[in-house]
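Contents: one structure, followed by commentary.
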């Protein structure tokens, strides 16, 4: 039996739709980050990519250039050792987080000693839902009679459930942008970012032959309450706008897991462990309210209360998702998404779970704290939850 620990974690910058990373093939983007996480760990230790036994990656839209087991294709595209196995999983927006649960589980079971959990979504190049085909009605049997709304309607139902107003979500959206701006100004993301070389595209999205080094998240916007108030709701009569919803984005992230004894034998310092993990089903009627349940589950498994948690990274799919969770669990909001979230930074869906774990780890280290909760809503009325502890 093994004892899984995180020894390295990194992510690409997040590019906005048709932005800085959109000229890069999805396999090149993920492969660059897979290689970066091993390189960063191996600089001091002599760890090599060939020491990795398995890679598990999350990807939501497994279609086109994200099909055919992208975790494996990306690994080979990056020139990494062919004997390393790879699997790609779809747990909707929780894919990248569930990949970490699975790799940690393999190590705990003694099946492997070294593994990478990662996530990718190049949403500029592979549109969300493209894998469903032209007739989305085929996804569900004719006998399906469950009220599972689309994500936009779900966000509005959650808002009504908790009495969340337009002003509430606008205030939250503004704060996400403010915190992200502060984080970048203070260099808080510098250690977790692996810069990416990407082709430059012209106005017709054609390569110019030039390349740029992308080292910063692109989605941050100058925002005011007045400006947010002028935005039109996505749904008529709704409260969510483009300023209070997650962005369509491109990005990848990777976390290197090892058995603790093996890590120490390589001269690597274990940085964090999983205290508790969960994947739960939530109420289909509300679809995206699952972080309420997954948080309760991991806190129960860990024997903790929300006040024991130092840092929370909860995905900002929509502002109401976070605000609903907060009204139930009553956290100190100064500990929640302290460096902004998907409203400001972006949400490359298959990547985000690994990105949140990466960000949470680095923020714990920056502030010399111990415990972080990472949670997300996911399509199909699912939610992932993880508590990690610094070692």
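Cβ from N, Cα, C; glycine included.
Taken from Swiss-Prot, the feature active site, acyl-thioester intermediate applies to 93. Sequence annotations record features per position, and here Swiss-Prot assigns CoA binding site to 151, 221, 222, 223, 246. According to Swiss-Prot, the active site, proton acceptor annotation covers 347, 377. The substrate binding site annotation in Swiss-Prot covers 379 and rests on experimental evidence.
What Swiss-Prot annotates, mapped onto the structure for a quick look.
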{"residue": "93", "record": "active site, acyl-thioester intermediate", "contacts (Cβ under 8 Å, 6+ apart)": "60, 315, 317, 347, 349, 350, 352, 353, 376, 377, 378, 379"}
{"residue": "151", "record": "CoA binding site", "contacts (Cβ under 8 Å, 6+ apart)": "287, 288, 317, 318, 379"}
{"residue": "221", "record": "CoA binding site", "contacts (Cβ under 8 Å, 6+ apart)": "177, 243, 344"}
{"residue": "222", "record": "CoA binding site", "contacts (Cβ under 8 Å, 6+ apart)": "177"}
{"residue": "223", "record": "CoA binding site", "contacts (Cβ under 8 Å, 6+ apart)": "173, 174, 177, 178, 243"}
{"residue": "246", "record": "CoA binding site", "contacts (Cβ under 8 Å, 6+ apart)": "315, 316, 317, 318, 342, 343, 346, 347"}
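Binding of CoA is attributed in the record to 151, 221, 222, 223, 246, and the widest Cα separation among these residues amounts to 26 Å. Take the recorded positions 377, 379: by the count of other Cβ atoms within 10 Å of each Cβ, the lowest one is 379.
Under DSSP, residue 379 (substrate binding site) is assigned to coil, being neither helix nor strand in the three-state scheme. Cβ neighbour count for residue 347 (active site, proton acceptor) (all protein chains, 10 Å cutoff from its Cβ): 25.
In this structure, the residue listed as 'active site, acyl-thioester intermediate' is part of a beta strand by DSSP.
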